[in-house]
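Read through the structure below, which is laid out as structure tokens, and then see the notes.
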Amino acid sequence: MNSLLMITACLAVIGTVWAKEGYIVNYYDGCKYACLKLGENDYCLRECKARYYKSAGGYCYAFACWCTHLYEQAVVWPLPNKTCYGK
């Protein structure tokens, strides 16, 4: 019984730790949202929270906004059948 309880607790922890993350993307052209200030960034945080209401954070990584703690159905880069200006 204790083993079953421990396994259930571990699975619950793993599920909360492995939340979805990804680059915020423009639905129309498939491009990532660009940013210049790397690291913690108010612009990226604001955009992530505006697009994905339950997003816990966002920062600039590789000159694009990276959103953290997203819900599983969140749409992130790359979009299927969408290329950023043919790139």
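Glycine is treated like the rest: Cβ placed from N, Cα and C.
Close to Cys31 (disulfide bond) in the fold, though at least 6 residues off in sequence, lie Val25, Cys84, Tyr85, each with a CB less than 8 Å from its CB. Per Swiss-Prot, disulfide bond is recorded for Cys31-Cys84 (among others), and the stated evidence type is sequence analysis.
In this structure, Cys60 (disulfide bond) is part of a beta strand by DSSP. Sequence-distant contacts of Cys60 (disulfide bond), defined by Cβ-Cβ distance under 8 angstroms and a gap of at least six in the same chain, are Cys35, Leu36, Lys37, Leu38, Gly39, Glu40, Asn41, Tyr43, Cys44, Trp66. Positions annotated as disulfide bond by Swiss-Prot, on the basis of sequence analysis: Cys35-Cys60 (among others).
The disulfide bond feature in Swiss-Prot is assigned to Cys44-Cys65 (among others). The secondary structure of Cys65 (disulfide bond), as reduced to three states from DSSP, is extended strand.
According to Swiss-Prot, the feature disulfide bond maps to Cys48-Cys67 (among others), an assignment based on sequence analysis. All protein chains considered, the CB of Cys67 (disulfide bond) has 26 other CB atoms within 10 Å.
Here Swiss-Prot flags 20-85 as domain 'LCN-type CS-alpha/beta'. With helix defined as DSSP H, G or I and strand as E or B, the domain 'LCN-type CS-alpha/beta' (20-85) counts 12 helix, 21 strand, 33 coil.
Annotated tyrosine amide per Swiss-Prot: Tyr85, in sequence order, evidence recorded as similarity to another entry.
Per Swiss-Prot, signal peptide is recorded for 1-19.
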List the same-chain residues at least 6 positions away in sequence whose Cβ sits under 8 Å from the Cβ of Cys65 (disulfide bond), in sequence order, or say none.
Tyr23, Ile24, Lys32, Tyr33, Ala34, Cys35, Asn41, Tyr43, Cys44, Glu47, Cys48, Gly58, Tyr59
Out of Cys35, Cys44, Cys48, Cys84, which of these disulfide-bonded residues shows the lowest number of other CB atoms within 10 Å of its CB?
Cys84
Would you count the other CB atoms within 10 A of the CB of Tyr85 (tyrosine amide), including those on all shown protein chains?
7
